[in-house]
Amino acid sequence: CSGRHGRGIGINGFGRIGRLVARAALEKDNIELVAVNDPFIDTEYMVYMFKYDTVHGKWKGEISKKDESTLIVNGKEVKVYAKRDPAEIPWSETGVEYVVESTGVFTDKEKAAAHLKGGAKRVVISAPSKDAPMYVVGVNHSSFQANEVIISNASCTTNCLAPLAKVINDKFGIVEGLMTTVHAVTATQKTVDGPSNKDWRGGRAAGYNIIPSSTGAAKAVGKVLPELNGKLTGMAFRVPTADVSVVDLTVRLEKPATYDEIKAAIKEASEGKLKGILGYTDEDVVSSDFIGDSRSSIFDAKAGIALSSTFVKLVS
């Protein structure tokens, strides 16, 4: 793999998350996509699925199939494997250093460690994990330990909630809070009513219903921000939108503050330490305006409201 520019990454699971991770990686200069593993999608179908995306539009670069085990993406070869067992993926033969584990199946340390057998140096799990250390960029990434070879990037909701919660807690202190996420549909939902033994409501038609659901995102914030452990919990509503979700965080504050002071603190963070991670908008936006936004969380200054100086609802 001579002539590589940046770190070599491999993606396990070329589904919704895997393909979007690939798109994001291909837009960066300091990392290089070198291999993909998915036992359920052949190379020709990979080209089609990657090229066309209902939400994000047609891929603007070039992608084609060279042979059954090779893609050509923007003129460079990307190796394709079709192994069901992660331990059998020969990551080292293409020089993969980092594996993004995005199947949604191998989410604990023991299962994700199978990638190391194939030569990967580190694994990032694209979902919450019961035992792997969880990191949210802008919140606790600076506490990363070099000896942690398997980590979790938590969930999309945790990445939205945690930066906001950190700013508020650091500046004003959070006594306790409840979070509701109004969440776009995901792949586990049904297009028409169907069987869902573990979550009966989750089996109802996604396009026709507001579906109450559980989420561990608020409790997970306690893992990345230990000072908030036990202070936050929440739930979700799945709604019939294709992309972009919102966090509604209602908190009791330790220090009294006006809503303007809260907005100012978030705006300052969005232009400083959390620039590019936490955004700030005071425009009359709606959810689709954020499709493709690379920031983890964008605070909607006009949508929040204060009941008193210590009880506020924040929307991001």
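Residue 1 is the first one shown; counting continues down the chain.
The backbone N, Cα and C atoms fix where each Cβ goes, glycine too.
Binding of NAD(+) is attributed by TrEMBL to R16, I17, R84, S126, and within the candidate set D29, D38, D67, D108 the record adds D38 to that site. Among the candidates T186, T191, T281, the residue that TrEMBL names alongside S155, C156, T157, T215, G216, R238 for the D-glyceraldehyde 3-phosphate site is T186. The two recorded residues R84 (NAD(+) binding site) and T186 (D-glyceraldehyde 3-phosphate binding site) have their Cα atoms spaced 23 Å from each other. In sequence order, T181, H183, A217, A236, S245 are the same-chain residues whose CB sits within 8 A of the CB centroid of S155, C156, T157, T186, T215, G216, R238, the residues recorded for D-glyceraldehyde 3-phosphate being left out. With DSSP classes pooled into helix, strand and coil, the tally for the domain 'Glyceraldehyde 3-phosphate dehydrogenase NAD(P) binding' (7-156) is 39 helix, 40 strand, 71 coil. For the D-glyceraldehyde 3-phosphate site, whose binding residues are given in the record as S155, C156, T157, T186, T215, G216, R238, the maximum C-alpha distance rounds to 16 Å. A distance of 18 Å separates the Cα atom of I17 (NAD(+) binding site) from that of T215 (D-glyceraldehyde 3-phosphate binding site).
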